[in-house]
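Feature annotations, reproduced from TrEMBL:
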BINDING   Cys64, Cys68, Cys71  [4Fe-4S] cluster binding site
BINDING   Cys199, Arg269  [2Fe-2S] cluster binding site
DOMAIN    46-274  domain 'Radical SAM core'
Amino acid sequence: MSLNAAYRKALDGASLSDADIRFLVALPDDRVPELMRLAHLLRLARFGDRVELCAIINARSGGCTEDCAFCAQSIRSAADGPRHGLLPAGEITEAARVAGAHGATRFGIVASGKDVNERDFRGFAAAVEGVAGLGLAPDLSPGILDRAQLQALKKAGLAGYHHNLETSASFFPSICTTHSYEEDVRAVRAGLKAGLRVCSGGIFGLGEGWDDRVEMALLLASLGVDSVPVNFLQPIPGTPLAGRRVLAPTEALKIIGLYRFLLPDAAIRLCGGRLPVFGPDGGRDLLVSGVSGLMVGDYLTVRGRDVDRDIADIRAAGLRPASFAVDN
Ligand code: SF4
């Protein structure tokens, strides 16, 4: 058993055995740089030197009746944060225009809540049409929609349906009790059946173990998800997980490396929690750790990093933002 052997398998598209996975999980911290190096090579082999940038807008904020323990938008959270209904389509489209001018190629319209009423559904369709009209790929994170609804949005120009599984099926009841994991898996399947790119991943540092991390990665692979957001918990005061410690950078990098080996063909996008884990200047290591995309700008309820600094780091790492011309 060796890291190189696991790398060769992942590169050749062969599944890793249980023993390979156990070997990766047991890698000591001092071998994480080696894991990162090989994960980065896997990413270069599959995606070249492009880094896809996506930005999001908090299009409907707060007041969610679900009880996800990490989330400031849950009605059970005492966290401060914006509370508003769905923004007008024109406002969402204008935010997408600004994000596109800063290099984003995908624009995610993110709404709190699990269910979607008729009025908001029409609002999503109008916003999707507006963003698509700018030449950006509109992604939507609306909660749970069925296949017919997703197909209707696809006709309006929707490129991607975003619905995170958050963690493993085994650990999910410790994080959310108001809906079942199976509902989330069904939503992911509905998106795939509607012919959309489904972006589905999770949050790490919730208290889950390595078995949970592996379980979720293998489920995503078996579902055929090829875009996986990786978030790290940023404990928010007022939420049930406010007291959890932030993951150490080495553990976070090992998670990214593991996901690259288990999902060699999937875009792995680093999203929330980047700043608390890596600090404002810690961006370069993670760019050569296996990720192929970054969420840029602000997150749902917390501020992000300056986009121009991210782009400078991408170039310093010998990579290119995907939205820029080859000679730019
Ligand atoms: S993660 Fe989504 S479903 Fe869960 S509480 Fe937050 S807004 Fe609601």
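Cβ atoms are placed via backbone N, Cα and C, with glycine included.
Just so you know, TrEMBL annotations never went through curation; they're auto-generated.
Sequence features, as recorded in TrEMBL, placed on the structure.
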residue: Cys64; record: [4Fe-4S] cluster binding site; DSSP class: strand
residue: Cys71; record: [4Fe-4S] cluster binding site; DSSP class: coil
residue: Cys199; record: [2Fe-2S] cluster binding site; DSSP class: strand
residue: Arg269; record: [2Fe-2S] cluster binding site; DSSP class: strand
In sequence order, those binding-site residues of Cys64, Cys68, Cys71, Cys199, Arg269 whose CB lies under 6 Å from ligand 1: Cys64, Cys68, Cys71
Model confidence over the domain 'Radical SAM core' (46-274) (mean pLDDT, whole number): 94
Rounded Cα separation (Å) that holds between Arg269 ([2Fe-2S] cluster binding site) and Cys71 ([4Fe-4S] cluster binding site): 20
Cys68 ([4Fe-4S] cluster binding site) CB neighbourhood, other CB atoms within 10 A: 25
Rounded Cα separation (Å) that holds between Cys199 ([2Fe-2S] cluster binding site) and Cys71 ([4Fe-4S] cluster binding site): 19
Lowest local Cβ density among Cys64, Cys71, Cys199, which the record lists as binding-site residues, within 10 Å: Cys64
Check: same-chain CB within 8 A of [4Fe-4S] cluster site center, minus Cys64, Cys68, Cys71: Glu66, Asp67, Phe70, Ala72, Gln73, Ser74, Ser77, Ser112, Cys176
